[in-house]
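According to TrEMBL, the transmembrane segment annotation covers 25-47, 59-84, 104-123, 144-165, 200-223, 247-270, 337-359, 371-396, 457-478, 514-536, 566-592, 604-631. Residues or ranges marked as domain 'G-protein coupled receptors family 1 profile' by TrEMBL: 38-309, 350-624.
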Amino acid sequence: MNGTKNNSVQDCFGEPSRATTAFKALAYVCIFVVSLIGNGGILLAIYKNKQLRRSINYFVFNMAVSDILNPLTILPVTFVEIVSGSDTWKVDDPWLLGNFLCKLSFFLPDVSVAVSIESLLLISLDRLIAVVFPLRTRYLSPKVHLMSILCAWIIAIAVHAPYFYTFRLQLYENKTYCVANWGPTFNHVETHKRFVTATFITFVLVPICVLVIVYSVIAWSLCQERKKMEQESSNHQKKLGKQSKKIVCSSVAIVAAFAFCMIPQLVFIFTRIFVWNWEVPPNCAFRTTIPFIASFMLHAWSAVNPCICFIFIKTYRDTLKKLLCSLWSTAEKAWKAIAYSLILVVSFVGNVLVLLIFYKNRQLRRSPINFFVFNMAFSDLFNPFTIMPITVVQIISGSDSWKVSNPWLLGNILCKLCYFLPDVSLIVSIQTLLLISFDRLLAVVFPFKASLISPKVRLTAISCTWLIASALHAPYFYTFQLFSDQNEAYCKQLWEPTIADHLETHKKFVTATYIIFFLVPFCLLVFVYGIIAWTLSNNNKRRQRELSCIQRQRDQKLRKTIRMSAAIIIAFFICTTPLFVYMFTMIFIWNWTDDLQACSFHTWIPFFSFFMVHAWSAVNPCICLICINVYRSSLVRILPFSSNVVHVTATR
């Protein structure tokens, strides 16, 4: 069938246009993808669902196995021929390998088509017995089905065994072609005519007639029994009748698709044999367009089959949905774990580098703002040691159970610390942002008073940020504790039994925390940097005229520092706003209940909100290392390969 390839066909119009080539290649890519994924889906569905491993599904499985040979053999070969614009054989070195692939690439797809057709006949006979002779279905045991399938393959292989003799590589004008040639043992033209005619009559024409007769008998039997089933039968028999009817409908659809895909090739081949005596057709369309359409429809059969199964058979659709959901769940876990692992690494490395730069570079200790940056990096470093590893483990395991519960006391302490430290870290970061903004406000608006604030005052302010954050989250040491449920330990927050109403207390605590440490700080930051921007804008012209060179340099440094601070604040807003909106929606709209109307509020929005907050500890050091020249230059000096880089740069 695929082996009826004509190697003497000439192009009527010279080289095909790029648009024609692209269209043909795209069409073959489509059936390649649909055939591979569709048949793979059928095989996977039957393998995963034990319910499908019975009667007719054995034949569907067999058909999918045979059809999947097409995208692995003839479809890639045809695609390469279309794209290259030549039907030369691309594998001819070593010659033995090329010859073997030449035989296999036409043997396997034709065996595949023959097995598919035989499977259709077996399906029709199976349905005939189930509908017309329902009491005899007990004779159709799995062993009988498997023997029938084995016979289908043996017959198909035996019929196409001559391919291992006829298909071979031949050289023509220093080019290698894979051609079918019955010589020298037989007369090629006459033998090929007889073989193709016999094959198409046996495996296309006769099966179509048999299928039409069988399904006509089935349809007639169903019509005759419909009235009886409506009047006399039980509910169980009605269900069986409906199931048989559905299976017959899907089988008829497959037969109709089979006829639609096979008839163009049948008509074309018989016309070539009996009208033009296997000579080059005089009509140009019969040399280019019609051969392509006929071959394409034949190859498309392997893509149509699985589509019909998924469209007509609900069990296949449901199984595929479950498989896709399972695959999506695995993929979702993978990318979530990768995302958290990425921010964990960036947060750890970035904040350690900021601390190391501050320690190594004494120049940074002269600027008060760098003490605040150091404090922020130190607080952010708690995240990659506490909440991030916990979240990664929970994502990978698919469970939020607590993994350290033996001894119970250690598990309880870790439960409290692993939620206390990251929340303290976040509050310290936010307070540090406020300190940075006030420091810049003094430097811009009251430059003479800024010098009056000593390092001791700044260190006291930093200490206060930790005291306030620790005091605010001190209740965590009471509320967070381990609970045992169905032999699993869980780290949960519970205000009971000391405070009777856990839900109301938790609402008030979260609301107060988010207003005081998110909403108010954000408003203050916008207000302070608004004043700073306004002051710089008003003094811009005067400073350009009056200030000395040293003062201008100082002003430029100040502006760079303010830009860096503004970048951190923008990042803070982007990272914290999703969680702020999510929490207030949960409290004031959904009333903190699990019975949410929107599915995304169970999965995507919580994950995204908490991910963005945790990412804040990774964004901070990146902004410092990108926006501040001193940090960048210091980073180059402390890196182990920096001396080599400097040396290479100097030699250039």
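Note: Cβ is positioned from N, Cα and C throughout, glycine not excepted.
TrEMBL entries are annotated by machine, without manual review.
Restricting the average to the domain 'G-protein coupled receptors family 1 profile' (38-309) gives a pLDDT of 83. Tertiary proximity for the transmembrane segment (59-84) is limited to same-chain residues at least six positions away from its ends with a CB under 8 Å from its CB atoms, namely 2, 21, 24-25, 28-29, 31-32, 35-36, 39-40, 42-43, 46, 90, 104-106, 108-109, 111-113, 115-116, 119-120, 122-123, 126, 145, 148-149, 152, 295, 299, 301-302, 305-306, 309. Ranked by Cβ pairs under 8 Å to the transmembrane segment (457-478), the stretches 337-359, 371-396, 514-536, 566-592, 604-631 are led by 371-396.
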